[in-house]
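Visitor: Have a look at this one before I ask anything.
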Amino acid sequence: MMELEGEKPKYGEPKKYDPTFKGPIYNRGCTDIVCCILFIICILGYVAVGILAWSQGDPRKVIYPTDSRGQFCGQAGTPLETKPLLFYFNIMKCASPMVLLEFQCPTTQMCVEKCPDKFMTLLKAYTNKEDFKYYKNFCKEGLEGLTVTQILSSGLCPAMLTPSKPFTRRCFPALGQKKGGEITVGNNSKFDDGEGNIRDAKDLVAGVKNATVVIEARQVAMKIFEDYTQSWYWILIGLVIAMLISLLFIVLLRFLAGIMVWVMIVMVILVIGYGIFHCSMEYVSLKSEAGSNVTLKDLGFQTDFSVYLHIRQTWLAFIIILAIVEVVIILLLIFLRNRILIAIALIKEASRAIGYVMSALFYPLFTFALLSIVIAYWAVTAVFLSTSNQPIYKVFNETACDHSRKICEPANFSTSSMKAECPDSKCLFAFYGGETVYHKYLIGLQFYNVFLFFWCANFVTALGQMTLAGAFASYYWALVKPDDMPAFPIFSSLGRSLRYHTGSLAFGSLILSIIQIIRVLLEYIDHKLQGTQNKCTKFLLCCLKCCFWCLEKFIKFINRNAYIMVAIYGKNFCTSAKDAFFLLMRNMIRVAVLDKVTDFLLFLGKLLIVGLVGIFAFFFFSGRVKAFENTAPNLHYYWVPILTVVVGSYLIAHGFFSVYAMCVDTLFLCFLEDLERNDGSAERPYLMSDRLLKVLNKKNKPEPAE
């Protein structure tokens with residue numbers, strides 16, 4: 001519908017012809033100075049938090065287990081250097097529900113050199129000199145001249161020893177299971193608890209489970225770690241292959257963009273089709289295998305993920321998912337076939353631009369290096385903050401006691417009133433905490449660490465987007481290419497961005513970081529309220545998380561286009577965001593059917609690279625190909641290197657294609673501006689390439705003959 005005469009346009013005034021405009025201006029000033037100052041102050045505060053955390057923190061608390069005195073087992077340079085393992089006096093006390101709440105077993109714990117490897121009670125060992133000498137390795141000092149009763153009442157020795165094995169630097173009973181399902185420890189189903197009672201080995205199970213709440217997960221983690229040590233060089237080879245394929249694609253797109261896009265589309269369809277065929281063959285081959293008809297629901301969660309590959313329902317799910325993806329891609333290609341031609345022309349133009357700015361292909365390495373520094377600083381600071389507490393000791397007892405779980409001092413506990421009122425109580429190390437001002441605000445410092453991590457990471461990403469946008473915009477608006485372009489477009493654009501627009505970059509990344517930290521808080525609240533929510537609360541939290549997810553995606557879209565406008569015009573963030581938004585809204589149809597189709601084609605390129613490398617990794621690590629059967633490493637889970645290669649390949653492909661995507665978005669905004677500023681006349685010629693002019697049915701009128 002046409003605008004009424006005199007009425008203000010709904011999405012702002014279109015850009016008018018300006019004979020002085022020659023692309024990214026060089027005579028510009030600093031933008032969003034207040035936000036720049038705020039960002040610098042916050043960075044200095046972030047450095048101060050890091051220094052404070054490093055001075056107070058102790059990462060040994062994460063690495064080494066601690067005994068009942070809070071000492072580190074196996075730490076080099078200490079008396080416990082030769083005692084790396086933690087031993088529990090009575091593992092059965094770890095079956096208490098309080099263990100799950102406080103993560104501390106209410107029994108004496110001490111550092112030992114080796115775990116016990118035999119059954120033994122203190123009563124029997126006391127009568128044999130050699131046995132008692134062995135038993136002393138698991139006792140405290142000061143046993144000379146004491147009777148068995150005195151030793152047990154003082155808590156200097158455990159009442160019994162059971163055969164144990166070390167796991168995660170802790171001694172746990174060596175539990176086994178006979179064919180009939182009977183639980184054993186040290187090949188025996190019963191044992192003497194040292195107090196005259198014969199007990200079943202199954203009584204140890206609850207204590208072991210509670211003492212190691214995440215024991216099964218840790219076992220999987222250790223197996224995964226072992227798989228990485230066995231296959232890391234093959235993983236690197238797979239990632240190098242992904243990088244070479246990505247680079248080859250970029251080079252071929254530079255010269256054969258049209259052909260490569262169609263080849264890419266056909267290959268994606270064929271790769272997905274092959275995946276459907278392979279899954280169908282696996283589904284059929286499992287028909288005669290016993291137990292393959294078990295449903296995934298009945299199977300439940302299994303730590304050995306290879307079990308799922310022997311279930312027919314797993315392969316049926318793969319077939320359905322791949323078939324849906326195949327149908328969706330084919331339907332999109334059918335309905336968007338005309339728009340794909342325009343998108344190909346835009347990709348060709350992007351290829352030409354990258355040809356003039358080849359250094360842009362390697363700029364993601366710089367962004368990756370900066371992001372690595374940001375992530376490393378955040379992770380180290382988080383570890384030091386979480387380990388900067390002081391050891392807290394609490395009263396643990398077996399009988400009723402008014403002082404149970406109260407804070408105590410181990411140095412004078414034996415002569416304290418707490419010990420007098422509760423004779424069987426012990427003052428044991430509970431956890432790391434503190435009552436100082438620093439410890440009270442520790443959660444606030446962790447929150448600040450997370451927030452600044454988001455802000456810095458978004459700032460680095462924004463810097464990369466603005467730098468690339470400035471370089472590609474200088475290409476588009478150059479009347480004579482490459483003569484009217486800067487000698488080093490990337491370095492020139494990077495210098496302008498840092499010198500003049502640090503504030504704008506900080507402003508945009510701040511808005512995005514606030515939304516991301518709100519999403520983190522919503523997830524934290526949802527986690528804390530699990531089990532106590534009613535349906536209304538769940539629905540409200542779900543709506544909030546969905547809304548903020550959509551808001552984050554929208555802000556990323558606005559920021560990306562705002563940075564392009566800042567790179568071109570040098571205006572502040574808000575003005576650039578408004579101009580970019582109104583420009584896109586005035587060309588809504590072109591945005592929907594052209595820019596997004598181009599993004600879809602680039603996504604297919606990434607999908608193809610990941611698919612090719614993923615298929616190669618699957619056949620190599622799974623040993624399905626006889627040629628690689630003896631070459632592939634022996635692994636617990638062959639999906640570990642496969643997933644690593646697939647995810648790494650996607651990140652590598654995304655890094656290369658993100659340059660293309662940024663180039664396309666920049667050129668897209670530039671040619672929208674070109675269409676508004678110019679009309680193709682001799683006085684106002686279009687600056688876009690002849691290819692784009694032809695696809696858009698536009699042309700420049702020749703200059704009139706004199």
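Cβ from N, Cα, C; glycine included.
Below, the features straight out of TrEMBL:
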| type | residues | note |
| --- | --- | --- |
| TRANSMEM | 31-54 | transmembrane segment |
| TRANSMEM | 232-253 | transmembrane segment |
| TRANSMEM | 259-277 | transmembrane segment |
| TRANSMEM | 315-336 | transmembrane segment |
| TRANSMEM | 356-385 | transmembrane segment |
| TRANSMEM | 450-478 | transmembrane segment |
| TRANSMEM | 498-522 | transmembrane segment |
| TRANSMEM | 600-623 | transmembrane segment |
| TRANSMEM | 635-653 | transmembrane segment |
Visitor: Before we move on, state whether the transmembrane segment (356-385) and the transmembrane segment (635-653) share at least 3 Cβ pairs under 8 Å, counting only pairs 6 or more apart in sequence.
Guide: no
Visitor: When you scan the chain for residues with a C-beta under 8 Å from the transmembrane segment (498-522), skipping those not six or more beyond its ends, what do you find?
Guide: 28-39, 450-451, 454-455, 458-459, 461-463, 466, 541, 544-545, 548-549, 551-552, 555-556, 559, 562-563, 566-567, 570, 572-574, 576-577
Visitor: Restricting to the same chain and to residues at least six past its boundaries, which positions have a Cβ under 8 Å from a Cβ of the transmembrane segment (600-623)?
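Guide: That would be 231, 234, 238, 241-242, 245-246, 249, 261, 264-265, 267-268, 271-272, 274-275, 329, 332, 336, 340, 343-344, 347, 629, 631-633, 635, 638, 641-642, 645-646, 649-650, 652-654, 657, 660-661, 664.
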Visitor: Do any residues of this chain, six or more beyond the ends of the transmembrane segment (635-653), have a C-beta under 8 angstroms from a C-beta of it, and if so which?
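Guide: Distant Cβ neighbours of the transmembrane segment (635-653) are 223-224, 226-228, 230-231, 234-235, 238-239, 242-243, 246, 304-306, 605-606, 609-610, 613-614, 617-618, 621-623.
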